[in-house]
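These features come from TrEMBL:
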DOMAIN    27-322  domain 'Plant heme peroxidase family profile'
DISULFID  37-117  disulfide bond
ACT_SITE  68  active site, proton acceptor
BINDING   69, 72, 74, 76, 78, 90  Ca(2+) 1 binding site
DISULFID  70-75  disulfide bond
DISULFID  123-318  disulfide bond
BINDING   196, 242, 245, 250  Ca(2+) 2 binding site
DISULFID  202-227  disulfide bond
């Protein structure tokens, strides 16, 4: 009888452990939707292809959207929530307002997915897949995206203002910001390579092109033509983050850094006599190494504090929390 009781207690304990794991600690898996939405990745890829045919820059915008989602509360789709009534989202934060893009593309992917697999796929997972496809469709690497995230019911304007690295940060601040999210120096340098595609606003690089000495003078002069020195004038004027191939995902970003042609202060900080100089040199000479490290770093970033199991929800509309 005692043996039976012991076995029963062990079985009960095992069941409780499994229930707790399901609610709180479920691992992400690239095959998460294999049974419930097997065509998910095809739907995302075709919608992304349509979006990039309309505007190639959108690939970079969706990589950035994923980054800005994961660095605030983890990869939970909180960046997608609109300010509605008394609810305050993250879109109005300093690093996001009037600059973060791609929300309409996420809406379109979500609508297309809902037609085939209603109520199954989270907005957070759609952002992760869109970032991967935005990279791949512009010539970058592909990778198996771990899936199974659920969507948050909250957002944090304060964390969006405090946790996202600034374009005027030096290396120490960048290392600290990434370290706070469990990302190491190598992850910082690899993920910064996303700046091989896309554009940035004058207000983000004005200080670097006018005040800093770690910049090629001819490059500074080129950028000054469309970015006036006076704050408040031409603030939103765009310049390519990669002066060579701004719409192709390659390793030219690192070659730019060697030539002191990083657009942002936070870009050039990676190659300025500091700890990341050697890795920048490696990536500039070895595109395959960069592609591999970038893919691995994106997977690692995608694992920042996801909601899994019964936590969060699967939003019907990515912009608003489901009504109870």
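For all residues, glycine too, the Cβ spot is worked out from N, Cα and C.
Features as recorded by TrEMBL, highlighted on the structure.
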residue : record                       : Cβ contacts under 8 Å, 6 or more apart
68      : active site, proton acceptor : 79, 90, 95, 96, 100, 160, 164
72      : Ca(2+) 1 binding site        : 78, 79, 90, 155, 156, 159, 160, 163, 164
75      : disulfide bond               : 66, 69, 124, 127, 128, 149, 301, 302, 303, 304, 305, 306
117     : disulfide bond               : 33, 36, 37, 39, 40
123     : disulfide bond               : 77, 80, 106, 110, 151, 315, 318
202     : disulfide bond               : 226, 227, 228, 234, 235, 236, 237, 238, 239
242     : Ca(2+) 2 binding site        : 195, 196, 197, 198, 252, 253, 256
- Message: Taking the Cα of residue 76 (Ca(2+) 1 binding site) as the centre, which of the recorded positions listed as 70, 245, 250 lie within 10 Å of it?
- Response: 70
- Note on the structure: Same-chain neighbours of the Ca(2+) 1 site, Cβ within 8 Å of the mean position of the Cβ atoms of 69, 72, 74, 76, 78, 90 and not counting those residues, run in sequence order as 68, 70, 71, 73, 75, 77, 79, 152, 155, 156, 159, 160
- Residues with Cβ closer than 8 Å to the Cβ of residue 74 (Ca(2+) 1 binding site), same chain and 6+ apart in sequence? 304, 305, 306, 307
- How big is the gap, in Å, between the Cα of residue 70 (disulfide bond) and that of residue 245 (Ca(2+) 2 binding site), rounded to a whole number? 27
- Over the domain 'Plant heme peroxidase family profile' (27-322) the mean pLDDT stands at 97
- Message: Suppose we draw a 10 Å sphere around the Cβ of residue 90 (Ca(2+) 1 binding site). How many other Cβ atoms does it contain, all chains included?
- Response: 26
- Who sits close to residue 245 (Ca(2+) 2 binding site): which same-chain residues at least 6 apart have their Cβ under 8 Å from its Cβ? 196, 252
- Note on the structure: So residue 70 (disulfide bond), by the Cβ count within 10 Å over all chains shown, scores 28
- List the same-chain residues at least 6 positions away in sequence whose Cβ sits under 8 Å from the Cβ of residue 250 (Ca(2+) 2 binding site), in sequence order, or say none. 139, 140, 196, 287
- Item | disulfide-bonded residues: 37, 318 - member with fewest neighbouring CB atoms within 10 Å | 37
- Message: I want the residues beyond 196, 242, 245, 250 whose C-beta is within 8 angstroms of the mean position of the Ca(2+) 2 site's C-beta atoms, in chain order.
- Response: 197, 244, 246, 248, 249, 251, 252, 253
